[in-house]
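What Swiss-Prot says about this protein:
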- 38-58: transmembrane segment (TRANSMEM)
- Asn103: N-linked glycosylation site (CARBOHYD)
- 110-130: transmembrane segment (TRANSMEM)
- 146-168: transmembrane segment (TRANSMEM)
- 179-199: transmembrane segment (TRANSMEM)
- Asn200: N-linked glycosylation site (CARBOHYD)
- 242-262: transmembrane segment (TRANSMEM)
- 278-298: transmembrane segment (TRANSMEM)
- 351-371: transmembrane segment (TRANSMEM)
- 382-402: transmembrane segment (TRANSMEM)
- 416-436: transmembrane segment (TRANSMEM)
- 451-471: transmembrane segment (TRANSMEM)
- 488-510: transmembrane segment (TRANSMEM)
- 519-539: transmembrane segment (TRANSMEM)
- 547-566: region 'Disordered' (REGION)
Amino acid sequence: MSLNSEEDEAELVQLQPRYNGEDTSATTNRELNGWYAYPIAAEVFAVVAVGAFLPVILEQLARENGYFFSDSTKSCVDHGGSRRMRAEDGLKGSEQCMIKILNSTISTSSFAMYTFSAAVIVQAVTLVCFSSFADHGPYRKKMLMAFAYTGSVASALFIFISPTVYFLAPILVIVGVTSLGCSFVLLNAFLPLLVANHANNTGAKFATADSSSDFELEALNPNTQCGQSHARSAHMSSRGVGYGYMAAVFVQVISILILWLFSKTAIQKRHPSLPIRVILLLVGMWWAALTTPTLLWLRPRPGPPLPSQEAKTLSAPTSRFRTFLFYTRFSLRSFWRTLLRAISLRQTLMFLISWFLLSDAVATISGTAVLFARTELHMGTIAIALLSITSIGSGIIGAFAWPRVQKRFSLQPKTILLCCVAGMEMIPLYGLLGFIPLFKKLGFIGLQQPWEIYPVAVLHGIVMGGVSSYARSVYAPLIPEGSEAAFFALYAVTDKGSSAFGPALVGWLVDHAGSIRPAFIFLAVLVVLPAPLLWMLDVEKGREDAKAMADGEGRGRGTYERVREE
């Protein structure tokens, strides 16, 4: 990072402002470091907390208040001592633990699944209502900081959630997951601005007479500049993700050390949930502390005003509450208009439906795998943390490997997604092998032994690397030019909102079956559902339809097309 970043900034040519209040100052290394700092801060919560320990802590807190599925008189945890009662009095090791919530009896695994379904619904609604804050007005950075610190506090507060107040844990999970999703949407809203004001885009260093010809050539060949911007955007985005994953692996290793240290003491035997609560406190502190560089270095970069606000004058100020309501109404109207436009584009709609199903399947398998390892395979928290690291490491390998596979065999991005669906389908099918009598007699194959889940985690990570890398690549050509922000907002809501249904249905199945394993039947069906839609998807036809819509509407107005709608 340059110590003279402010001087460097002064030397860079600024773009002409497109609206009143736009910050067109050139992007500096200091600002880029501020943007990169946030994935390092927040990705730790996404991977370590959401991906590993939140499902475990929810199940553990509920278990300490629960009773066995086949005998409601026996507690799942012997409160008179430290001994677990899973196998006592002839009870099977796979016995599910049940708990009463609001006059309903659910399993402790379902308690975690239902909580995440509720969190996803709240997150999706919040994303829809707050989308205009990401694109318009001076609130982008303020909202980013608000969500970041709210989420970090929610994670840290788990240190106070003992089994006696376990019903407060879902509230903190919902707040944390919602804050995480909304903060990343707000962070991503900075990306096109940082790219647009990058030194190489603004004619870096000094504007001289000799450089005018370059600007003229660039104007005659806008696709070259567009391609450079897309490449730079992809590079910055991938670096942010890479930094975030490295930070997550680092904190996960620290978490394993914490769990190991607690396992050597008598504290864990008396308070089984305490080590995980300490880890969540650490994650919250990490999130808050590493957000500080973003707070200090990332410029606010105000967005364009909303259309109706352009006519307002300073002589007619509005209250904060009325401004909030105005932004929310605009967000809902904008989302509804974008949804109607997407419905009129057959190929775009087909992809969004397939992505809805695929995203739901991916999220459901991830959550179910952790709880299956916890309740059916009886794996400890250290083993689950190692499982998370295995999946993350494989995901990084997959992200690098799939492009090589695509280049080697000249595959289309859609084909890569179909390969990922096929790989994901192998996971529930392998779990179903545990129902076959021959394999049941062997005692392994079909996820009957803890070690079997690690190769499954490798497969899951590799497949996830492909899904994460190629879903946007397939979707991008299907968007009308000039509507990128609106359609990617729809993509984000489809991604986040879909994950509410699969976990809830798995929870319902577990409640009625008394075991997670039968849910593999549902997962096998859920994973394969998007495959026919992806197979029928005609990307070239979708590209032509999107271009025709943009030409018919006279668009091509860039990132801020929603500013001038209506």
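Positions of Cβ are set from backbone N, Cα and C atoms, glycine also.
Looking at 110-130, 242-262, 278-298, 351-371, 519-539, the range that has the most CB pairs within less than 8 A of the transmembrane segment (382-402) turns out to be 242-262. Contact between the transmembrane segment (110-130) and the transmembrane segment (488-510) is supported by 3 or more Cβ pairs under 8 Å, counting only residues 6 or more apart in sequence. Contact between the transmembrane segment (278-298) and the transmembrane segment (416-436) is not supported: fewer than 3 Cβ pairs lie under 8 Å, counting only residues 6 or more apart in sequence. Counting same-chain residues at least six beyond the ends of the transmembrane segment (488-510), those with a Cβ under 8 angstroms from any Cβ of the stretch are 96, 106-107, 109-111, 113-114, 116-118, 120-121, 123-124, 127-128, 131, 134, 181, 185, 335, 338-339, 342, 352, 355-357, 359-361, 363-364, 367-368, 472, 475, 479, 516, 518-519, 522-523, 526. At the 8 Å Cβ threshold, with sequence separation of at least 6, the transmembrane segment (242-262) lacks contact with the transmembrane segment (519-539), having fewer than 3 such pairs.
Every protein chain considered, the tally of other Cβ atoms within 10 Å of the Cβ of Asn103 (N-linked glycosylation site) stands at 5. Counting residues 6+ beyond its ends, the transmembrane segment (451-471) has Cβ neighbours under 8 Å at 355, 358, 362, 365-366, 369, 372-373, 377, 379, 386-387, 390-403, 413, 416-417, 419-420, 423-424, 426-427, 430, 444-445 in the same chain. Contact counts against the transmembrane segment (38-58), taken as Cβ pairs under 8 Å, peak for 146-168 among the stretches 146-168, 416-436, 519-539.
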